[in-house]
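Colleague: Sending over a structure as structure tokens; questions will come in a sec.
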């Protein structure tokens with residue numbers, strides 16, 4: 001009986017959040033270990049479908065780095081990286097697009113539909129969803145002078161036409177986006193999935209942006225999880241070394257989304273089953289919330 005009462009209390013804790021977020025949109029970046037573990041894949045699918053059933057629109061943006069690496073290796077293509085970004089020549093871009101749109105996207109869509117959802121897969125090229133420009137990197141040469149480096153078909157989002165997403169949401173569908181964009185000449189670009197999620201969330205004026213990661217969230221210098229960060233505190237946390245390394249671009253993605261009109265952003269440990277529900281529908285949450 002006690003377990004039943006605990007379940008009822010959990011539902012009651014979620015009720016005010018369900019009321020608050022019903023009819024709103026949440027954009028979720030799906031990547032990392034959550035895409036590889038079968039139990040986590042199932043809990044992710046069930047979380048997303050439950051959100052849709054209770055009236056919360058969800059838009060999924062997925063990654064696919066490990067799958068790309070595996071396929072490139074099979075084709076004998078060796079990748080080079082500049083400041084953590086893959087140099088993407090024409091041959092590499094062909095593989096990247098094939099894997100993200102033809103393999104990973106369809107797997108995510110299939111898994112959601114298998115568990116009762118109505119997911120529709122698309123890339124940024126569909127309906128002109130993601131218009132891109134070439135992303136150039138600045139690196140220091142041997143003399144310590146900054147040089148601009150062309151890293152190929154790697155793009156940055158300059159415009160999001162969210163009309164196709166609004167149409168899909170209105171029809172009861174769950175959009176699943178592969179992070180491939182299109183240039184003004186029709187060329188394909190590979191885009192960082194976190195960036196795509198943030199840009200899409202801003203375009204939709206989403207209630208929340210959630211980044212599923214392989215870490216518990218942002219930690220202080222003592223290793224303790226920071227459950228909440230104010231937007232205005234982020235620059236100082238980067239400057240004092242609290243936010244470092246690969247967490248900087250994720251937090252920057254969140255702050256850009258907040259500046260663009262998203263209400264809250266969350267960095268959540270995707271290795272925890274039902275991480276999305278735990279972050280949204282509990283008073284404490286499990287990750288780091290960033291708010292304006």
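A Cβ is built for glycine as well, from the same backbone N, Cα and C atoms used for every other residue.
Bear in mind that the values here come from a model prediction, so they are computed numbers and not experimental data.
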Colleague: From 141, 190, 224, grab the residue that Swiss-Prot records in the same substrate site as 64, 65, 86.
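Modeller: Candidate listed by Swiss-Prot for the same site: 190.
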Colleague: Using an 8 Å cut-off from the Cβ centroid of 64, 65, 86, 190, can you name the remaining same-chain residues around the substrate site, in sequence order?
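Modeller: Those within range, site residues removed, are 63, 68, 69, 96, 100, 179.
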Colleague: Just counting, how many other CB atoms are there within 10 A of the CB of residue 86 (substrate binding site)?
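Modeller: If we count other Cβ atoms within 10 Å of residue 86 (substrate binding site), we arrive at 21.
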Colleague: Using all protein chains in view, find how many other C-beta atoms are within 10 Å of the C-beta of residue 65 (substrate binding site).
Modeller: 16
Colleague: Sort the binding-site residues 64, 65, 190 by C-alpha distance from residue 29 (site 'Transition state stabilizer') and give me just the closest.
Modeller: 64
Colleague: Taking just the CA atoms, what is the gap between residue 250 (site 'Transition state stabilizer') and residue 65 (substrate binding site) in Å?
Modeller: 16
